[in-house]
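Below: the structure, in structure tokens.
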Amino acid sequence: MDMTSAFTLNVRLDHIAVVTIDVPGEKMNTLKAEFAAQVRAILKEIRENKEIRGVVFISAKADNFIAGADINMIDHCNTAMEAETLARQGQQLMAEIHALPVPVIAAIHGACLGGGLELALACHGRICTDDPKTILGLPEVQLGLLPGSGGTQRLPRLVGLSTALDMILTGKQLRPGQALKSGLVDEIVPQSILLQAAVERAKQERQTPRSLPVRERILAGPLGRSLLFRFVSKKTDQKTQGNYPATTRILDVIETGLSQGSSSGYDAEARAFGELAMTSQSQSLRNIFFASTEVKKDPGSTVQPGTLDSIGILGGGLMGGGIAFVTACKAGLPVRIKDINPQGINHALKYSWQLLDAKVRRRHIKAGEQARQLAKISGTTDYQGFAHRDVVIEAVFEDLSLKQQMVAEVEKNCGLHTIFASNTSSIPISDIAAHATRPEQVIGLHFFSPVEKMPLVEVIPHAATSEKTIATIVKLAKKQGKTPIVVQDKAGFYVNRILAPYINEAIRLLTEGEKVETIDTALVKFGFPVGPIQLLDEVGIDTGTKIIPVLEAAYGERFSAPANVVSSILNDDRKGRKNGRGFYLYGAKGRKSKKQVDPEIYKIIAVQGQSKLSAQQITERCVMLMLNEAARCYREGVIRHARDGDIGAVFGIGFPPFLGGPFRYMDSLGASEVVAVLQRLTSLYGSRFTPCEQLLQMAERGESFWKTSATDRH
């Protein structure tokens, strides 16, 4: 075979053929169309060599088997038929692997996803390592697609219908223990003996597939299948609000295969794959995927970052505890937490312990690993142990003088190279750095709550921040598992600035007589994960609204909230879920009682009308203000690219991913249409809807954001 091939064949002395997967020049193995000829040549050689007793597929990469198919292949398809042909080619290749006359074993270490798992499913057996890096799944639905190389047909027959539906409809990934329990893999072994174990299994006679559990056998029958599909379809529709056509097609394709046979199932799978590839939803989701990949590769600066050996954190509260967790347990860096109160340190340590303990209970990690990771976190009530910290992240109260004091203390007690990164959500970084002796090493690093779950961070340099500081903080954020966007130091930064008018308008709709649940339902139907009112309850009404006066002072009355409404709610001691009093009623332990609205809220906010707008009208008012503000941020250079604006909105506030983010969405509508809608809303509701100069200019010139943002503003 050609040494540049991604697939190479080696026939051992014991007559076991080992096919090694190693895509040249790439960190991850991904399947590309041009590899089909390489694999077919190997399969032909195996079929012709009558001495071969078995076959093992194994990866040469350090931490992945096959991470999936190359998504660019789909972008090169111009029609549904071309994408369907791509799927049929994949199906045929997998069928040829499955048809080999000797046992074929997939030896899996690391990520085995998408087309990688479909290849493993085509094998006669699967062994995986017990490593935490090993995950197995079919995430195509997250790109608005379905598995197109036989996954919708082989997986249900291997693991049962309910497990397969859960995996394919959600993109859920299984860890080794879960994969073994479900029957997805036959054996778990240490990485050191993976090849040896796979070879031994390949020498054995082909084993008959394991019998499915009784529950799965019942669900596989016509009656059980009918009931399950009806239940899952209803549940899926509630979750997707009809915005993701892939889920419906997945159900149809799997049902076709089970009721009409595999041949019909494969045919339906290929057709559905082709049609879904051409949908706007899949295109938008793929755009988000590509944009996210680009952001993760973007160093944030042309300058080399500094070293990152140890990190300090000021404040052991909710944010400090979360930042300590991602720094120690994801970035793998030693963390020292300073809090004036020992209870604060204990809180932060307990926070990480609880998160790790949940992983132990779910058997994602072992108790020894939990202890090893916790050992990276220490605490102090003074600056002992801070002298050599490379970065100190401040996560104290939103008080300017306190943060300035923290800067002075860090400059006094830490090294000359130490970077001060503030987790402020509202205070300008230039103000925090105003009295710094080394302002070039002061920067904003805005995490979102809960830190361990939210993927986005905003990196906020002020005018004097050095390029090296920017590069170092971007590097740290990536190590912490975050997707960083670099934004300008202006009031509200980017995410909170576009979120505020959206929240304000929802509150204004309440005062006009719209019901809480009507507003939230309308925006969830549009595609947000939760409505704006529920979002306020979740983040805390006090926390979620504290930015509004800051924005109003900076940008004027378009950011003003309805008079006295927020203060009236807060004066009634309503902070949302965290104190069990908000717009919604909360039961024991802060759990919502079927998301019922507290009727008292309408008396508190002094409703002044009986508005009865349609869901579309409600959505339009809230979303158009967000879009207009995003366009302003683009014009002012708050974000460097439309790409960063889309990633920030999708990852930071849950802007509907299937729309591609605010800038992709505006491009799909067209600037002229966005301007026309804003002008109509201005005539109906006032000047806060006045279209910004950026949109007016783009409408006049027929421009779009993505075509005009190819160059870096940096």
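Including glycine, each Cβ sits where the backbone N, Cα and C put it.
The region 'Enoyl-CoA hydratase' annotation in Swiss-Prot covers 1-190.
Per Swiss-Prot, the feature region '3-hydroxyacyl-CoA dehydrogenase' maps to 306-714; the stated evidence is sequence analysis.
Same-chain residues at least 6 positions away in sequence with a Cβ under 8 Å from that of E118 (site 'Important for catalytic activity') are, in sequence order, G90, M94, L138, P147, S149, G150, G151, R154. Reduced to three states, the DSSP call for E118 (site 'Important for catalytic activity') is helix. Annotation source Swiss-Prot lists site 'Important for catalytic activity' at E118 (among others).
Under the heading site 'Important for catalytic activity', Swiss-Prot lists E140 (among others), citing sequence analysis as support. Its Cβ taken as reference, E140 (site 'Important for catalytic activity') is surrounded by 28 other Cβ atoms within 10 Å in the chains shown.
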